[in-house]
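For 15, 164, 165, 166, 230, 231, 239, 245, 246, 262, 266, the entry in Swiss-Prot reads ATP binding site, with the evidence type sequence analysis. Taken from Swiss-Prot, the feature Mg(2+) binding site covers 17. According to Swiss-Prot, the K(+) binding site annotation covers 43, on the basis of sequence analysis. Sequence annotations record features per position, and here Swiss-Prot assigns L-methionine binding site to 56, 99, 239, 270. Annotation source Swiss-Prot lists region 'Flexible loop' at 99-109, citing sequence analysis.
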């Protein structure tokens with residue numbers, strides 16, 4: 001492979017689309033805490049002074065959607081009207097219905113193992129050994145930059161920062177290996193009274209330098225910090241936000257393919273979410289086992305049917321055993337039926353709000369990030 005550049009982006013928890021994702025997942029978590037078998041499809045729209053929460057929810061639980069919404073916005077940091085959005089005064093509207101019984105009859109079964117997929121669709125999972133968390137470096141470091149922005153905003157190190165921010169990192173590759181960082185973009189909302197020069201210096205010292213490895217930076221690395229020169233108006237005042245509009249940020253930063261389904265606000269019966277998590281789990285264990293340097297899994301489903309309609313393993317020529325053997329190992333060691341993967345990853349718990357900002361993958365405490373099957377896979381593949 002020749003030299004090439006690859007870029008990924010991330011957005012902060014205060015980005016309008018991420019506010020929406022976090023509200024949707026906060027509602028999901030509150031419901032799952034009371035009713036693990038609930039059916040939830042919760043969508044959120046945010047704009048200046050308003051939050052609209054809608055969707056289809058079937059549950060025995062009762063939750064206070066207005067309180068959940070305000071608490072989520074407050075935790076993110078929108079607590080003053082001068083930010084253009086205020087948790088204490090924004091309107092919260094609810095438009096919740098029930099899941100269609102036509103869908104429900106295809107999902108629920110007397111035998112849980114025969115639980116059907118909540119919809120048709122295709123999902124991808126990916127892993128690569130280019131970082132310690134077996135994720136692509138561009139999206140990993142893009143996430144870490146905006147996580148650091150939130151950290152120094154909340155701990156008072158840079159008190160003039162505001163919640164909305166975006167990052168973008170361009171890596172240089174040579175023959176598939178990282179050789180450096182070519183460009184870094186970081187745009188952050190800020191208070192009115194900070195000048196551009198002071199902001200750029202502080203962002204470089206407190207956000208960028210602590211995160212990016214020095215061995216990947218050189219004299220030709222380009223830095224773009226608030227390149228428009230001003231970012232006072234941000235958050236929902238600057239742009240409306242919608243659940244499910246940052247699906248590439250949520251996954252692999254464009255390094256792997258995407259089936260198109262969003263995650264946030266969906267309970268685990270929705271394979272858009274749960275099967276994408278399972279596909280990551282499979283791919284990560286294959287790479288952790290040393291069976292390939294890079295691995296992409298595709299799985300697909302028919303609505304109301306338990307067995308996947310297809311499973312595909314792609315290793316981009318990096319496999320250490322034949323591809324056909326890898327596919328057989330996946331079928332042997334991973335139950336990718338909807339009920340099977342829910343049990344395999346223990347998904348019926350309120351764990352989802354935390355996924356809704358800074359990426360669903362590459363953070364070790366999530367159950368789909370375990371590599372507990374790596375040793376079994378390696379042994380079964382006949383590798384020492």
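Cβ atoms are placed via backbone N, Cα and C, with glycine included.
Taking the features listed in Swiss-Prot, we show where each one sits on the structure.
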{"residue": "15", "record": "ATP binding site", "DSSP (3 states)": "coil"}
{"residue": "43", "record": "K(+) binding site", "DSSP (3 states)": "strand"}
{"residue": "56", "record": "L-methionine binding site", "DSSP (3 states)": "strand"}
{"residue": "165", "record": "ATP binding site", "DSSP (3 states)": "strand"}
{"residue": "230", "record": "ATP binding site", "DSSP (3 states)": "coil"}
{"residue": "239", "record": "ATP binding site", "DSSP (3 states)": "coil"}
{"residue": "246", "record": "ATP binding site", "DSSP (3 states)": "coil"}
{"residue": "266", "record": "ATP binding site", "DSSP (3 states)": "strand"}
| message | Considering every residue in the region 'Flexible loop' (99-109), what is the mean pLDDT value? | response | 60
| field | Euclidean distance between Cα atoms of residue 43 (K(+) binding site) and residue 270 (L-methionine binding site), Å | value | 14
| query | Quick one: Cα separation, residue 266 (ATP binding site) versus the residue listed as 'K(+) binding site', in Å? | reply | 9
| remark: Sequence-ordered, the binding-site residues among 165, 230, 239 whose CA is within 10 A of the CA of the residue listed as 'Mg(2+) binding site' come to 239
| said: As a test of the contact definition, list every same-chain residue at least 6 positions from residue 230 (ATP binding site) whose Cβ is closer than 8 Å to its Cβ. | reply: 196
| request: Count the Cβ atoms, other than its own, that fall within 10 Å of the Cβ of residue 43 (K(+) binding site), considering every protein chain shown. | output: 22
| What is the maximum Cα to Cα distance, in Å and rounded to a whole number, among the residues 15, 164, 165, 166, 230, 231, 239, 245, 246, 262, 266 annotated as binding ATP? | 36
| Between residue 43 (K(+) binding site) and residue 56 (L-methionine binding site), what is the CA-CA distance rounded to a whole number of Å? | 9
| Whole-number Å value for how far residue 56 (L-methionine binding site) lies from residue 165 (ATP binding site) (Cα to Cα) | 31
| Near the Cβ of residue 270 (L-methionine binding site), how many other Cβ atoms are there if near means within 10 Å? | 23
